[in-house]
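Single-structure report; data block below.
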Amino acid sequence: MYPKKTHWTAEITPNLHGTEVVVAGWVWELRDIGRVKFVVVRDREGFVQVTLKAGKTPDHLFKVFAELSREDVVVIKGIVEASKIAKSGVEIFPSEIWILNKAKPLPIDIWSETPDLATRLKWRSVDLKRPRNLVVFTVASAMLRSIREVLYGEGFVEVFTPKIIVTSTEGGAELFPVMYFERVAYLSQSPQLYKEQLTASLERVFEIGPAYRAEKHNTDYHLNEFISVDAEAAFMDYNDIMDILEKIMRRLASTVSEYAPKLEEVGIKALMELSNIPRVDYDEAVDRLRQLGYAVNWGDDFTVEMQKALMKYYGPVYFIVNFPASLRPFYTKRKDGEKSESYDLIINGIEVASGATRIHKRDELEEEMKKRGLDPRLFESHLSVFDYGMPPHAGFGLGFNRLVTALLGLDNVRHATLYPRDRYRVEP
């Protein structure tokens, strides 16, 4: 029986010189230079060198070494010694090695050249062993924790809303149908209507969960299943919500900076510093784009290329505010007639979040629905809530996969998604 792991590889430092430890992980590299042999062991946190030296290491371990292959699962017990030669400044001299499972030759190379994305995603579970991926998803987990902590600190309650629904949240047709016993239902594209309803009871709510959109996109920034961070708060407007988003973004920059050495080691140049985020009126953004030579009309939405171009004036992180009402969902509160109390949060040219002040009076909401060709009767279960004390409220929806992509400077949202689901991919 093998012993339990006592340390992550990253915890094996020169300070542990002379200490017996147990590490567990996968064989990353094997080197044989005669009387000295090396096993580099990988776990989630990094690497550690295990050194076998004739006259110092038990003889039977050289036979075990001969059986080892890359990616074999191992447990190793040994004594830590400080080293001026080992890359990490430390090595382990083993007293015992257990091979828990043998690995066949891998179908893709995770050590040197990176295969094309389609091949990597085909073998995603193997590809996730790559050190760069380990860092990306470890940082992503820390980012989620930080988002939760900020929202809890602002008095929000975490909720979970249905993902099987009977009508569209946005009033469109881009929904995935599912058979729900004897009737057709749909996968939820957003918790928007539920979180609005919850402001009439819980006041401030947020949800982190999957969302589904049957959009036939095939771009670097679109997925059909993604993790959405949604928040809604009573007695707030869009400026209040942007203030909260600013707090989240500053906290995230700080969180990411804690992983600076690991990110730099795998070649990721992340956004780690953030000052106040400028709030750019839509009209000003249109004028700036025209100055840059873009043929953009008032009422047009902005492309990723345009949003990247605006970084020249506003830096890598900025809000665009007060969009034309025609570009926003039906539940968005209007501002001065044709505009709206709305915003997008742009990071490195990518729209990562959108939000607005919402309409909180039933008659105004029904009127907005009719203007857009929607039948209020299809939304009766939602509209009825507005009859019993719906407060003024505002909120945001944030695409977490896009957020990770933008903050870490990745070139494709699939790199920030464990098992991506897009128009052409539904496995593994």
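Note that Cβ sites are derived from N, Cα and C of the backbone, with glycine treated the same way.
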Joining Arg213, Ala214, Glu215, Gly399, Phe400, Asn401, Arg402 at the ATP site recorded in Swiss-Prot, out of Glu258, Glu264, Glu351, is Glu351
Given ranges 40-43, 76-79, 192-195, the stretch to which Swiss-Prot attaches the annotation region 'Aspartate'
192-195
Argmin Cα dist to Ala214 (ATP binding site) over the recorded positions Lys87, Ser354, Arg358 returns Ser354
Lys87 (site 'Important for tRNA discrimination') and Glu351 (ATP binding site), compared by Cα position, are separated in whole Å by 40
Among Arg213, Ala214, Glu215, Glu351, Gly399, Phe400, Asn401, Arg402, the record's ATP binders - longest CA distance, Å:
19
Between Glu215 (ATP binding site) and Ser354 (L-aspartate binding site), find the distance joining the two CA atoms and give it rounded to the nearest Å.
18
Simplified to three states, DSSP reports Lys87 (site 'Important for tRNA discrimination') as coil
Distance check, please: Cα of Arg213 (L-aspartate binding site) against Cα of Gly399 (ATP binding site), rounded to an integer number of angstrom.
12
